[in-house]
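Feature list (source: TrEMBL):
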- 1-22: signal peptide (SIGNAL)
- 38-130: domain 'WSC' (DOMAIN)
- 144-235: domain 'WSC' (DOMAIN)
- 262-356: domain 'WSC' (DOMAIN)
- 374-497: domain 'WSC' (DOMAIN)
Amino acid sequence: MSQQWKSLGACLLLFSLPTAHSAIIEKRLVTPSTLPGSWTSQGCYTDVPGRTLSGGSFAGPTVTDESCINYCITNNFAYAGTEYSDECYCGNNLATGAAAAPATDCNMACAGNATESCGGPNRLNVFWSGVTVAPPGNKPTIGSYNYYGCQTEATTQRALSGTTTASNTMTAEACATFCSGYTYFGMEYASECYCGNSFNTGSVAAPAGDCSMLCSGNSNEFCGAGGRLTVYALNSTGGPPPTSTTPPSTSVTPIATGFPTGWSSQGCWVDGKNGRILNHQQPDSTTNTLQSCVQKCAGLGYTIAGAEYGSQCFCDNFIYNGGAPATAQSDCNVPCPGDPSENCGAGNRLSIYSIGTPQVFEAPGPQKTGLPTGWTYAGCLQDNVVSAESVQVNIPTFPYKLWDNNQNSATACITQCQKFGYNAAGLEYGSQCFCGDVQNILVASMPAVSTNPTDPDHFTYKTPPAIVPDTQCDAACSGAPQYLCGSGNRLTYYTFTGTQPLYSWDFPTGNAAGKYSLLIGGVIVPLITSQAITGKITFLEKAGTGAPNGTGAYELDLTQIDNFSAAWRQMTQPQSDVFCSGGVTMPDKAGRQINVGGWAGESNFGVRLYLPDGSPGVKGVNQWVEDKVHLQLQVPRWYPSAMVMANGSILIVGGEIGQNAAEQPTLEILPPTGVPDASTSSGFSNTTKYLDFLDRTAPFNLYPWITVVPSGILIVYYNEVRILDEVNFNTVKTIPNMPGAVNDPTGGRTYQLQGATVSLPQYAPFTDPLGILVCGGSTSGGGYAIDNCVSTQPEAANPVWAIERMPSRRVMPCMAGLPDGTYLILGGGQHGVAGFGLAGAPNYNAILYDPKKPVNQRMSVMANTTVARMYHSEAIVLLDGRVMVSGSDPSGQFPSPADNFPEEYRVEVFTPPYLLSGLARPTFTITNKDWTYGQAVTFTSSVANIKVSLLGSVSSTHGNSMGQRTMFPAVSCSGTSCTVTSPPNAHACPPGWYMMFVLNGPTPSVGQFVRIGGDPAHLGNWPNLPGFPLPGI
């Protein structure tokens, strides 16, 4: 068995699921309350094979419930339905078998309005005008014309050859008006109208059911079919048609004059045996000649022209459907109406002219050659099979629908699937492309969209999809009609069979997979966690989340973990609400923690500081300090980010102006840099900087990820990345947009489409461009949790994004950089977006990412937890090398409401395999813990041949590890006496506190905090206000 199949087989346990679509921040999807006229919502319905609403349709990024209804009104339909976020369908009746479905099945946000529901996979949001429409039929009388019947075309020319017109809004009434004065009029092929005073030879009565095509302009009427006319007669009461007395024409040799240069006759060809052989029909003409048809096609840039039925002209660049010359060339015997001396084809016969010998494509079949390297055709595969859980739920075999357009082809579909690491591609209905994995044929990838933990979080197949005969995949590809692209509920299916798998995941077992374990029972549902330089962990909680007697601020002493009361210190509740604030460890010599922003009113302006005190086993006495009058931000901020700049100042970026309010597209610096001004909230003149790119990308750019780079400040927001000048904050470089989801290039990576971002390891001499890794996220149009990581070096000359598949989807993940240079990805959900009640299907397993391995081979699926870590969960690396995992606040309420994932108090740790190997941990002793840049610092180590790593002090919230950085400085040893050289400058290593680890192979020591770069902004003397303990410089 190949490694790729082994990896896929293990996914049976991971249930990588597509996702429910979502709403804007902390709001659920709605149905419009105001609809046109008497239109009302009928709820969520199943879409049946052949479509529940089979009238008109359109698709695109502007679809909303209202735009769909308006489209259906314009086209005279009584029903409208939205499906799959960006599809609109109309009809006058619901198809047999369509049934009401649970409202939660219609869970996908409208592409044109993320607050509205636009159906779901095989689910329609249905609306009705209140009008009951009878099944389509022919009106007995139209003006002075009476319905006559269904009539065949004539043998050698049109049945009605007086005059003709065509329109994509054709109706029987329109044809009657056009043919006024003629004895007969007839509609053919939905959009064609013919007039005449008699029927030409060969036209005979046909069964009424043969005229089965609905009029293009009125779905309540029939307008003939191929080779069939729906006929009305002037003052007729019905009866057999009179036949023309015109004698049959005889074959006439075309006159080869008047043709464009290079065109020559290719003779008489059979049309229609397997479908049209030339696809681009021009308007019928009563003056059609061979020359005029050729000239028309040549003028349009085509190289082949064909005349048929006398008045018809077709153009193309190829001959399709296995077209071949007629055995009897005399079959093309219908005189051209513009020149009866030459013949213009006949019924199902084309007189063809071309430039050179035309290229013929055989009757359509699946594309089997010319595919992207490594891909092969695998058969015709069932799609949308019934689930085991509900007969109302049909499961798409491959979960990601990429498009539904007129450019669909196997090559285009496969190329996009491969770009994002999928090894299976399927094409359906001619115009649709789907991506997935081969294993999806056995393991359904269909979410249950409920966020209720008692509901199933995924659907399974009642019977897995099966390969069926190729003849069932019979729809021509919309972008390559010489090939077939599935059919209704049938996929033309391709697989990657190359020698090098598109991805390879490791599945370690036992201690090699790491281990989750309970650290301690909690007293708080934290929003933000951080390990202070004292080694203790600070926890902050939004107001109203925990028990009423809680304060929302606690500190955990890890040395007292076996003594619950000694381990926890309850601190004084902050004066204002820290709900969705930001924070960072300051570079002053006390390692104070700062927390900024918050929820609503005065909390939006909050600035809170804590000076860590106490010691192992001894509780501190300091508290979070705040002065809401004299120390505030310049502008309100909810969901801001914080960072220590290269000059030591604190940079605050982004946020919102309170709950679900306008964007705050600015940045500011602490301490304030303006002049004193008593009229402002901060007490200083406004020195905020407007950032147009945050304004433009609202609301999906909250908690942007920011870090220092040599050329300035790197900022990751929504699906964009740029570098700002660190003095004037103007953009100095814009990086190509991050790839999103395979089915949505607008997928985002910051709140509320929350993924996680880290900087990749830096190595001495710190001259290589900094790399960044961005994992997970979701999509703005529908909450599809993203199942990939992307990475690049933004300061490289030409940054290119590498896309790597994750083994499962993740929105709201956390990511922690480990001492050995690897990264732990954990927590979050497999569908939805960040916010209260907006995500589900918890992701219980951890992923270890090793950037030293080749791309697409860097991920290992690690141990599972049993604790759901959803919205408001955190993960931080501890000094002992473990990862502390905390929080989960999916409802935001106390106590946890029924039918919601619980408010999570338990604190876990993930123990990486480097601590389970049985190898002894190195130890080290260091006296100098306050380094300057480029300084050689001596220490002693228990072992030689070591490495040293430095991890930035982190404040973790919403997947954003503010302050994160991983560095490997130069180190040398003589025996156990070692020297480490600190990073060279503040752009490689911003001033601040770092965990220092010594590594013997992969095994780290217990870390110690060191400060690098001092306090260049003199934060130790700020703020000079009563009540704030100042450490000094």
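Note that Cβ sites are derived from N, Cα and C of the backbone, with glycine treated the same way.
Just so you know, TrEMBL annotations never went through curation; they're auto-generated.
Remark: the domain 'WSC' (38-130) contacts the domain 'WSC' (374-497), by the rule of 3 or more CB pairs under 8 A. The DSSP breakdown of the domain 'WSC' (144-235) into helical (H, G, I), extended (E, B) and coil residues amounts to 10 helix, 40 strand, 42 coil.
Model confidence over the domain 'WSC' (38-130) is summarised by a mean pLDDT of 86.
Counting residue by residue with DSSP, the domain 'WSC' (38-130) contains 13 helix, 35 strand, 45 coil.
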